[in-house]
Every structure is written in C-alpha cells, then in structure tokens.
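Noted in TrEMBL for the protein shown:
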| type | residues | note |
| --- | --- | --- |
| REGION | 1-36 | region 'Disordered' |
| COMPBIAS | 13-25 | compositional bias 'Polar residues' |
| DOMAIN | 58-173 | domain 'Coenzyme Q-binding protein COQ10 START' |
Amino acid sequence: MKLAGSRPCGGAPSSTPSAARSLQTGVKPALPTSLHSARGRQSQICNVWLENRAEVSVQVPVETAWDLWDDKERIPDWMPWISSVQTDAQNPALSQWRLSTSMFGRGWSLSWLSESLPNKPHTQMQWRSVPGYKGPGGSLEVPNRGQLLFRRFGPDSCIVELTIGYEVPGLLQPFASVLTPTVEGILRTDMQRFARYAVDHQARPQA
C-alpha cells in the first residue's frame with residue numbers, strides 16, 4: 001500500500017519515494033490528528049492519505065482533452081461514480097462535488113468543495129478541497145487534492161495522467177489495504193471511458 005502525504009504521529013513528513021512524488025499543489029494540507037486524553041496520558045491516531053494514479057492515450061488533440069476536463073460539469077459523463085459537479089457561478093474556481101458509490105458491501109455518499117489552483121494551460125491542471133465544507137445531510141467530507149498532466153503525443157493525440165490524493169475516511173480505514181487497487185482499477189476504467197468520450201465528442205458536429 002502506498003502512502004502519500006501521510007506522516008508518523010508528531011513526526012516530520014515522510015521522505016519515502018511515494019511522498020516525494022506527492023502532488024505539487026503549492027500548499028500541502030496539514031494532516032489532522034485526533035487526540036484523546038485521560039489523566040494526563042495522551043494517544044494519537046493519525047489519519048492516512050492515499051495517492052492513486054491512472055493514465056490513458058487519447059486520440060484527440062491535447063487542446064480538446066484539456067477543454068473537456070476544464071468543463072468540470074461534464075466529468076460525471078465518464079466518471080459515473082461522481083454523481084454531480086456544480087461550478088460556482090460567482091467564482092468559477094470553486095465547484096461542489098458529490099460522489100455516490102457502493103463499496104465493501106454498503107453505499108457511500110461523499111461531498112466536497114473543490115478549489116482550482118493555478119494551472120499551465122494544456123499541460124497541468126491542479127485542485128484541492130476546501131476545508132470546512134458542509135455537504136448535504138448524511139454525506140461525508142473527504143479532504144482531497146489532485147492533478148491532471150497532459151502530454152502532447154502528436155498533432156491529433158495526447159496522453160492524460162490523473163493523480164488523486166485523499167484522506168481515508170474513518171469508516172473506510174479498516175479497508176485501507178485494498179483501497180489503492182480498488183480505486184486505481186476504477187480510475188483506469190474511467191480514463192478509458194474518457195478516451196472514448198473524447199473521440200466521440202470530436203466526431204460530433206460542433207454548434
């Protein structure tokens with residue numbers, strides 16, 4: 001299991017290779033800890049961050065791939081476990097995300113407010129969740145961050161690499177050892193779906 005952005009309780013950030021490859025989002029979110037005290041004795045429980053990746057070759061120009069991802073409200077078209085993305089009309093850098101999925105024998109409803117970070121057009125797109133967002137009743141908030149890298153492979157093709165980092169919710173921590181292969185399998189399927197979506201989108205007459 002790869003740990004990205006995690007650290008020992010009370011210690012410095014990890015310097016393992018996985019941590020060295022952590023997302024360069026400009027701001028490293030502090031990892032919250034839960035403290036329990038009894039008669040002067042304390043124990044700490046450190047939350048865990050995981051990082052997952054997937055990439056795909058897409059037979060469209062890099063500009064087309066970029067534009068599709070930049071239109072965030074389209075993303076559920078190729079990521080069906082994302083139930084909705086709503087961009088803030090007053091501040092397009094902010095967007096509300098909702099996730100609904102079934103995993104480990106039960107349904108999960110998650111939500112977060114995402115902030116787009118400065119990007120490099122047609123090269124790199126980055127984001128992070130905004131702390132303290134209160135989603136719809138009953139949904140869990142999952143601190144997360146991520147990036148997309150776009151590499152031009154030719155005049156009509158490109159490679160898109162998605163990396164997401166997220167804090168494992170307490171209810172899912174018993175399953176942490178299997179989250180990485182499970183999530184990366186989902187991401188690979190999503191990226192392959194995006195590749196087909198992008199080709200179909202380009203083939204359709206544009207208004």
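Glycine residues also receive a Cβ, built from the backbone N, Cα and C atoms like all the rest.
Automatic, uncurated: that is what TrEMBL annotation is.
For the domain 'Coenzyme Q-binding protein COQ10 START' (58-173), the predicted model reports an average pLDDT of 88. Mapped onto DSSP classes, the domain 'Coenzyme Q-binding protein COQ10 START' (58-173) shows 19 helix, 62 strand, 35 coil.
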